[in-house]
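Asker: So Swiss-Prot lists these for the protein:
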type: BINDING; residues: 6, 67; note: Mg(2+) binding site
């Protein structure tokens, strides 16, 4: 079993992605999987959500959740943010899946909350019990 928590200021992510297109691109590669990069680019190009604050919040949630998951999986599993995907279960609960065949892990349960400039996330990893 593993438990992780992280807290992050959304403004920190906002400043980072405003530095330059190259900084933003490198940040996306570091913290998002391919599916999430596609979703982010759709959000960014969507005229109904052009605000930088919404983009930064979307990214901050993923960074914070993945950092909490990273902590929950330590020291047994060395996974990177780009291997993780923040998803919703069929019942609507937030979760993280690991996209790497070397890590046949159960999905990690997460909880995330944001208020004003802060995002907080916690993660709980419960290894699957062997079938008897």
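Placed from the backbone N, Cα and C atoms, the Cβ positions cover glycine too.
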Asker: In terms of DSSP three-state secondary structure, what is the assignment for residue 67 (Mg(2+) binding site)?
Answerer: helix
Asker: So, in DSSP terms, is residue 6 (Mg(2+) binding site) helix, strand, or coil?
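Answerer: The three-state answer is strand.
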